[in-house]
Amino acid sequence: MTAATGRYSPAPGAAPLPRMILAQTALEARMLLRHGEQLLLTMIIPALLLALFSSVDLIDTGPGERVDFLAPGVLALAVLSTAFTGQAIATGYERRYGVLKRLGVSPLPRWALLVGKTGAVLVTLVFQTLLLVVVALALGWSPRGNPLAVAGLMLLGTAALSGLGLLMAGTLRAEATLAAANLVFVLLLFFGGVIVPLTEYPDGVRSVLELLPVPALADGLREVLREGGWPAASDVAVLAGWSVAGLGLAARFFRWE
Amino acid sequence: MRSAGVPPAVEAAGLVKRYGERIAVDNLDLTVPAHQVTAVLGPNGAGKTTTIEACEGYRRMDAGRLRVLGLDPVADGRRLRSRIGVMLQEGGVYPGARAGEMLRHVASLYAHPLDVAALGERLGLGSCGRTPYRRLSGGQRQRLALAMAVVGRPELVFLDEPTAGLDPQARQATWELVRELRNDGVTVVLSTHLMDEAEELADRVAILDGGRVIADGSPAELCRGGGADVLRFAGRPGLDLASLRAALPADAEVTEPTPGNYRITGDVGPRLLATVTAWCAQHGVLADRITTRRHTLEDVFLELTGRELRA
């Protein structure tokens, strides 16, 4: 009845899971790194901010070298730009253009798609961190503390901000996500303890800002990299709380179409 | 291609889907035989998309029983998805991805994919492998979506208006691919607005309206079931109708609506035409202005749904 040797004869089957996840991660990473606006946001703006505010005395960053204050803040900004802003915008448009719908009928399980996205965010973050560390060192940065504590904090920050980014991408229209994700980036750039110390703001404002993930991440990184200590328990608690809330809500409310 | 004993690719019985007050699918029964091309036709809002998306595992029906390749599309989705191929009507590709890159990626998700380069060539995508998706023409996007549907060597493919917006050449290439798929043992479910596409490709046609299947069969069966075909000719008035009718097959009817104009209804084919002209020759009649009008799928559709297919 059928030509078993035909070119299109059925030979169905899913690829092995590790191969699928690797392919998905590689594709997602290429999509993130290929985008011009994306590179501006993730690489160029943080590096320029670091270079500008380290070399010119525009803002009072407190005692010590300016770069020692700015480098941890800009690392927190890098996590924000990739895990939150970049991922939210990309995922919002993928949802809008039916990419998530189409991959939903491929053998790739949904969780593996999210693993691929997370992998791509981490790959991008490695590039960002390398670039920012090189720039900071060139500006005379003298980092201290335990590198594993730094990595742990950045991973926790990535979890918190990815959850919030995916929640936004999976519930709002793509244009709304684009606008809101960029707005949050700009607001947290100024009010997130990234280049302006939170001590510059009134106590009431400050105590609210300290509950946000980016100020907590910046403060935690500074505690390690500038003071050579360990992050405050409150910072870790804020990041963990946002991770649970963001990822939980995203899992509950994310719409694939 | 018909093979006894092979279970159907899709079996749906009593499917119901409501969106609020509106009933999109209303007690729908449908069987898609394996190794054939089945066309699903229907006006907008007939329930085509909802039914096909249920087969693909996108939505859960409110009631009824649905089996695709013997599996429940939602509960057994993971196992089903490696065996089917889906062509969405639009989108489905990363906006920043290149055509070849996306096709290679989809291929990498399957165990035994087709050769990506050969498939791209086959569909005339060879020259745009490095073109970003957002710069592809509408026709190129269609063909990329088709390639993505078949690259994993599925047993069953769902094609949503595969040739909408294609030029005639690209349409022929797509039709040829669908025929090759069928000949190689792939089951094809095709939703289309194009009658000629259904007549050209489909072994079976299911016409949907108001959330139900209102007609189902081979194109020839459906055309026979509706109004009859018509043969008309002109000759001298007052021919012997009884003699002519006696020469024709039993189901044919002959009338003279106006003097000198004759109308024969029945299964109009080459044999009937030959019989009529032979009878005319025997009786010294020069049959003039002979026209035949076969009942088309489009006529059947109009009669059944009261609507134009191409709205």
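Glycine residues also receive a Cβ, built from the backbone N, Cα and C atoms like all the rest.
Sequence annotations record features per position, and here TrEMBL assigns domain 'ABC transmembrane type-2' to A:33-257. According to TrEMBL, the transmembrane segment annotation covers A:39-59, A:71-90, A:111-142, A:148-169, A:176-198, A:236-254.
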Q.
Can you tell me which recorded stretch out of A:39-59, A:71-90, A:148-169 has the most Cβ pairs within less than 8 Å of the transmembrane segment (A:176-198)?
A. A:71-90
Q) Who are the long-range neighbours of the transmembrane segment (A:148-169) in its own chain, taking Cβ under 8 Å and residues 6 or more past its ends? A) 75-76, 79-80, 83-85, 87-92, 95, 114, 117-118, 121-122, 125, 129, 177, 180-181, 213-214, 216-217, 220-221, 224-225, 230-231, 235-236, 239-240, 242-243, 245-250, 253-254
Q.
Cβ pairs under 8 Å only, please: of the recorded stretches A:39-59, A:111-142, A:236-254, which one is richest in them relative to the transmembrane segment (A:71-90)?
A. A:111-142
